[in-house]
DNA sequence: CTAGGGTTAG
């Protein structure tokens, strides 16, 4: 099972010669609970399991700041351990920070003995940070892990690309994506989705986006809601109206049935460009296709109304939303408050802000900023009391 | 229960 094993010191080899039938690595925690390898008979395996559990518990008990000292003083035992299982157990018990510190410690100690970490351990660490959405930490970690030394799987690569996308390192994402393909790995639908997002956020890359879509087609991948919404929102970001319309039509002609998210992205494209006829026809298409509207749909419509100066209509829409069971959220209220503020309707804005709190919608930073900016502009900050 | 999408921001 665990074919990889890191041998670091000679004492371990002596140990192995003395007991050649023992498992070659200490299984720290038997997560799946399977009774494998028939090693339970002589009791030594159980002992090793207990030892592993003990190691896990000891790490979890350590305060974060003294963890490195703990690792150093238990160096021999830890480097002999099944690092993969120990990492997995740490992450599984909600200790991703300890997992990270352990990983970094292992990297440091193995580097000094010129031993490479196993691919699977790197993949696991990437996955742990990805799941925790620790993008900037992952990004920093990737600066010290030479990726070209490892042959990671597609999923690890995809997570890494997502990390680069999320931390704005678009150029690096593109070069890692290219290198990944050179090593013979085939990108999955999700990989392509992340890359479409990278080009979309980087901007000025519409031809690249079309290129990726062609590549996907020739690899036999089917476009889904994720792919389509990403492409349309890329258009929205740069005001590519015709491109949005064309690709939307093309995708539909290929049998793709748009969902709420893609319709929302289309609404944003036309709403932002103030082309209300098109926005309304999108809305009509949604209704015709029985595609349910959600809070984002309503927020886009509210934004479209107030951009055109239709404050009453925007406010009424919020009421309608509530009647239909779609609760307005912080985005809805912030959009309206901003609009009132710009129009010099401070009283209306403050009334709405109160209503927001009454309806138990917790104001976020954007909402407070909208109110404060408005009051600051009017030099009426004395009216603002919590 | 392996990775992934859309909305506020003067």
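Placement of Cβ uses the backbone N, Cα and C atoms for every residue, glycine included.
Heads up, TrEMBL stuff is auto-annotated, nobody curated it.
Predicted, not measured: the structure shown is a model, and the values here were computed from it.
Taken from TrEMBL, the feature compositional bias 'Polar residues' covers A:1-16.
Here TrEMBL flags A:1-22 as region 'Disordered'.
Looking at the repeat 'PPR' (A:153-187) alone, the prediction's average pLDDT is 94. According to TrEMBL, the feature repeat 'PPR' maps to A:153-187 (among others).
Sequence annotations record features per position, and here TrEMBL assigns repeat 'PPR' to A:188-223 (among others). Using DSSP to sort the residues of the repeat 'PPR' (A:188-223) gives these counts of helix, strand and coil: 27 helix, 0 strand, 9 coil.
According to TrEMBL, the repeat 'PPR' annotation covers A:224-258 (among others).
Taken from TrEMBL, the feature repeat 'PPR' covers A:259-293 (among others).
Per TrEMBL, repeat 'PPR' is recorded for A:294-328 (among others). Long-range Cβ contacts of the repeat 'PPR' (A:294-328) within its own chain (Cβ-Cβ under 8 Å, at least 6 residues beyond either end) map to 260-261, 263-264, 267-268, 270-271, 274, 276, 279, 283, 286, 335-336, 338-340, 343, 345, 348, 352, 356, 359, 361.
For A:329-363 (among others), the entry in TrEMBL reads repeat 'PPR'.
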Item to check | Cβ contacts under 8 Å made by the repeat 'PPR' (A:259-293) with residues that lie 6+ beyond its boundaries | outcome: 225, 228-229, 232-233, 235-236, 239-241, 244-245, 248, 300-301, 303-304, 307-308, 324, 326
Item to check | Residue numbers, six or more beyond the limits of the repeat 'PPR' (A:153-187), whose CB comes under 8 Å of its CB atoms | outcome: 122-123, 126-127, 129-130, 135-136, 138-139, 142, 147, 194-195, 197-199, 201-202, 219
